[in-house]
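Okay, these came from Swiss-Prot:
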type: BINDING; residues: N15, C81, L82, V83, Y138, N168, V200, Q201; note: substrate binding site
type: ACT_SITE; residues: C81; note: active site, nucleophile
type: MOD_RES; residues: C81; note: S-(2-succinyl)cysteine
type: ACT_SITE; residues: C199; note: active site, proton donor
Amino acid sequence: MAKHFRIGMIVPSSNTTMETEIPAMLQSRMKEIPEETFTFHSSRMRMMHVTKEELKKMDEESDRCAIELSDARCDVLAYACLVAIMCQGPGYHEKSEARLASLTAQNGGAAPVISSAGALIDGIRTLGAKKIALIAPYMKPLTNQVIEYITASGIEVTDSISLEIPDNLEVGRQDPMRLIEIVKNLDVSNADAVVLSACVQMPSLPAIQKVQDQLGLPVLSAATSTVYKILKSLNLKTYVPNAGSLLSGKY
C-alpha cells in the first residue's frame with residue numbers, strides 16, 4: 001500500500017542546499033521504493049552571514065517556522081542549520097528539538113523534530129565511530145565550536161579542515177566534487193569515520209560514495225545524517241542508494 005509523507009524543513013533564508021540534497025536523496029530512494037513517497041515543505045529564518053551573532057538571532061525565528069510547518073501537518077520537521085545549534089553550547093539540540101516539537105503539538109499538528117546537529121551526532125554514534133575527521137566551510141572559530149560540541153558528545157575529532165567561507169550563499173555555490181581533492185589534505189589515519197561536510201549548506205552528496213570508496217572508511221555528512229534521522233523517525237528503511245554507509249540500510 002502506498003504511503004505518503006510530508007517533510008517539513010526549517011531553513012536559513014540563504015540556504016540553497018538543504019532543499020536540493022535532502023529531496024535528491026529521498027527522490028533517489030523513491031525510484032527503488034516507489035510505494036513510499038515524499039513532498040517537501042519549507043519555512044525560512046533570516047540569515048546571510050555565518051557569524052555567531054547572526055546565527056543566534058536566526059535561531060530565535062525557528063519557533064515561528066515550526067508553527068508554520070505544523071499548519072501544513074508535516075509528518076516530521078528537520079531544522080537545517082547545524083552551526084546555529086552547536087554555537088549555543090553542548091546539548092542545545094535536545095532543548096531546541098523538544099521546544100519546537102512542543103510548539104507543533106500546541107498548534108494541533110504534533111510532529112517529531114530533528115536537527116542536523118543532533119542528527120550528525122547520532123549518525124556518528126550509529127556507525128560506531130569513536131573518532132572522526134571533518135571538513136567544514138566555517139571560519140576557524142566556528143569550526144572550533146562545532147568540534148567542542150562534538151567532543152562534548154563523547155566523540156573525538158582527530159583532524160579538521162576549515163574552508164573559511166563567511167558568506168552563506170558562497171558556501172552553497174561550492175563544487176561538491178572538489179571535496180574529493182580537499183579530503184586528501186585531511187589526516188584520516190586515526191579516524192573511524194569522515195564527516196565530508198559538517199554543514200547542510202555545503203554541497204557534498206555527489207562525492208560521499210566516491211570518497212568513501214577512496215578512503216575505505218564510512219563517510220557521512222550533516223545532510224546524509226539528517227535524512228537517516230528523518231527515515232528513522234518515520235519508521236522507514238534507512239536506505240538511499242549511493243549515499244554512504246549510514247544510508248546503506250544496514251543501520
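Glycine residues also receive a Cβ, built from the backbone N, Cα and C atoms like all the rest.
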Inside 10 Å of the Cβ of V83 (substrate binding site), count up the other Cβ atoms and send me the figure.
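V83 (substrate binding site) is surrounded by 26 other Cβ atoms within 10 Å.
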Please work out the number of neighbouring Cβ atoms within 10 Å of the Cβ of the residue listed as 'active site, proton donor', leaving out its own Cβ.
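Taking every protein chain into account, the count is 34.
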Can you tell me how spread out the substrate site is, meaning the largest CA to CA distance among N15, C81, L82, V83, Y138, N168, V200, Q201, in Å?
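The two farthest binding residues have Cα atoms 14 Å apart.
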Enumerate the residues of the same chain, N15, C81, L82, V83, Y138, N168, V200, Q201 excluded, that satisfy the criterion Cβ within 8 A of the mean position of the Cβ atoms of the recorded substrate site; list them in sequence order.
P12, V50, A80, A84, S116, P137, V171, C199, M202, A222
Neighbour count, 10 Å Cβ-Cβ cut-off, for Y138 (substrate binding site): what number do you get?
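The Cβ of Y138 (substrate binding site) has 26 Cβ neighbours within 10 Å.
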Per DSSP, to which secondary structure element type does Y138 (substrate binding site) belong, with helix, strand and coil as the options?
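DSSP call for Y138 (substrate binding site): coil, neither helix nor strand.
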Round to the nearest Å and give the CA-to-CA distance linking V83 (substrate binding site) with C199 (active site, proton donor).
7
